[in-house]
Structure formats: C-alpha cells, structure tokens
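Visitor: Below are the structure tokens for one structure; questions will follow.
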Amino acid sequence: MQRLLFPPFRALKGRQCLQLLAPRAAPRVQCDCIRRPLRPGQYSTISEVALQSGRGTVSLPSKAAERVVGRWLLVCSGTVAGAVILGGVTRLTESGLSMVDWHLIKEMKPPTSQEEWEAEFQRYQQFPEFKILNHDMTLTEFKFIWYMEYSHRMWGRLVGLAYILPAAYFWRKGWLSRGMKGRVLALCGLVCFQGLLGWYMVKSGLEEKPDSHDIPRVSQYRLAAHLGSALVLYCASVWTSLSLLLPPHELPETRALLWLRRFAHGTAGLVFLTALSGAFVAGLDAGLVYNSFPKMGESWIPEDLFTFSPILRNVFENPTTVQFDHRILGITSVTAITVLYFLSRRIPLPRRTKMAAVTLLALAYTQILIPRYLAG
C-alpha cells in the first residue's frame, strides 16, 4: 500500500509545488516598459489566487494527485471483488442467515463467552432456517456459519471505510476535480446503498412463511439486486481508476473501430445480464435441478419449462426455466466474447487493448471449465 500511494505524494512535494506557494516576481517583458513589482499579497497564477482566497488548496489537481486517486480507486475495486467472492463462499456454505440482527457498530464485536454464544444460538433458533433445515445443528456447527457471515459483513464495512475515508481526505486536499467529485459521491453513495441492500436481502430469508414448507432462502430478486449493485460499483471504480491512470489513445474513428466499440458495449451488457441470471439460479437453488450438460436430463428443452402461470413468472421463479435461461445466456456470452476477440485482431489496436481482449477470452473459457469441474 505504501509503495502504491506514497510515490505520488513525494512528487507533490517537489520543487514545482513549492514554487507554486511562493509569490512570483514580475514577468520579464520585451518592451522598454517600466517593471512594476507585485504588491504584497498579489499573486500571478490561478492556483495562487485560490490559495490567497482562503481555500488553502490548489483548485485543479495535479497529475500526481490524479495518480493517487486512480490507485486508490483501483484498490477499492479490489476490495469490492473480494466482497463478491466472500459473498459467494457465504452462499455456498449456507451461512447467510446465521446472523439474525443487523447493527452497524454493535455487531462488530463477536461473542466471546459461552453464555454469549448460547444466547446468539438461541436467537438463531427462533427463525425458519433452524426450525426447518438445521433443527439438529450443534453449537460448534453454528459457530462456523456465524463466522462466515460475520467475515462477510466485516469485509463490507472495510469496503465502506476504504471508499469514504480517503474520499473525504482527497476532497479536503482539493485533489478532486468537479467532475471527479460527482463520481466519488456516487461511488460512496452506492457503497452505503449496497450495505442496506444486503440486510434487506437477508431479512427476506428470516421471514416466517406459514403457507410454505420449502427450504428458507433469501429472495432471488433481492439477491440479484445485491449482486448487480456490487458489479456496478466494481465496474465504475475500475473504469474511473483507469481513466486517471492510463493516458487515452488517439485512434482514427474508422467504421470498423466504431462497430467494434458498439459490439464490445453489447457484450458487456450481455455478460452483466448473465451474472444477474446466475443470482436467480443461486437464489432458487436452480443449479441442482439438472446436472447434465448440454442436455437437461434426456431432452434439449425440458417439459416443465412453462409450468407456472402467467408465463412470465417462469423466467424469475421456475427453477427449471431459470437454469435453462442461465445456460443460454452463458453460451451466448462466450460466443460474443469469442467474436469480439477475433474482431479485435482485424483492427490495429493499442497493445493494452489487445491484452484485454486476450484476457477476457481466457477468463470466459475458464468460466466454462469451473462449473464442469465442480459438477465432477
């Protein structure tokens, strides 16, 4: 972290910034006019006027400050990716409903004594997951799922601090331009919204449903919203970070390049939609309905694809349809990424763009192999 952030700080303390704080002498002129020295308190640059006006910071951030902000957002995007991964592990271990309360500060301290653990376990026993699914769970088993959810929530708090505290510091120092201030505010607001949405999602799995004897689970709609907002936060952070760290390439606006850019945007939207459909699969445990590929059971199109009424309800609530749609979207996404890769090879592009296309292709096919490996 020190290597990542401190070098630009040293650049900010260089000779040019020191010269910025000192009043300049009157500029030399080529004519025979009389040189008039600047009066006390008079400054010769826009930045010095900003300092004299009492704001105490330079109005326009320097390149070094932009690098600091860009690297900070890159680190933040890494914490968001870690939260998504940890949330997936929490989902796989069925630990998400182990903490039945939500307190921003109070729950940061885990139980320490046997009495506190037993009290926490008794609170968990009042909710449907224990009554229907885990009625024979021991205290030791409960501690495992509790710590899994606890680690996910604490990581979420770490993400919030990683965004909000540096943002306030950079704002105070004047290292954010007007446009960047709006982006940073939006990112910090999205972090707070993500935390509230996470609890709203968990709450749906704690509700009593007298008419249902199904396994207690969170709402697939809220789970998809929670994942979708996390992906938006991650992508916005990475995009903003790279816009500050990488110089833009000036490319001729050819027809092929314009078409490639539009196709790339469409592919990104398709991948996002596929990820959201994966949240519906996880929310309904739809991945357990059929475990064969490419066929679903003995047929290409299962018979129970449209058993719910109205028909649109099948897309979001029928496990068979949700799994079928996710497979179709996944295959379409991989196909689009493959086409995007070959299109990028036909156009003269910068080296980093070609590397991005290769990396995207490799990740897409790795994504195919992982479910096959997990399925055995």
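Residue positions begin at 1 at the first shown residue.
Glycine residues also receive a Cβ, built from the backbone N, Cα and C atoms like all the rest.
Per TrEMBL, transmembrane segment is recorded for 72-92, 154-172, 184-202, 222-246, 267-290, 326-343, 355-374.
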Visitor: Restricting to the same chain and to residues at least six past its boundaries, which positions have a Cβ under 8 Å from a Cβ of the transmembrane segment (72-92)?
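Guide: Non-local partners: 1, 4-5, 148-149, 151-152, 155-156, 158-159, 162-163, 166, 170, 187, 226-227, 230-231, 233-234, 237-238, 240-242, 244-245, 282.
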Visitor: Give the one range among 154-172, 184-202, 267-290 whose Cβ atoms make the most pairs under 8 Å with those of the transmembrane segment (326-343).
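Guide: Highest pair count goes to 267-290.
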Visitor: For the transmembrane segment (267-290), give me same-chain residues lying six or more residues beyond its boundaries with a C-beta closer than 8 angstroms to one of its C-beta atoms, as numbers and ranges.
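Guide: Counting only partners 6 or more residues beyond its ends, the transmembrane segment (267-290) has Cβ contacts under 8 Å with 91, 215, 217-221, 223-224, 226-228, 231, 296-297, 302, 316-317, 319-320, 322-323, 325-326, 329-330, 332-333, 336-337, 340.
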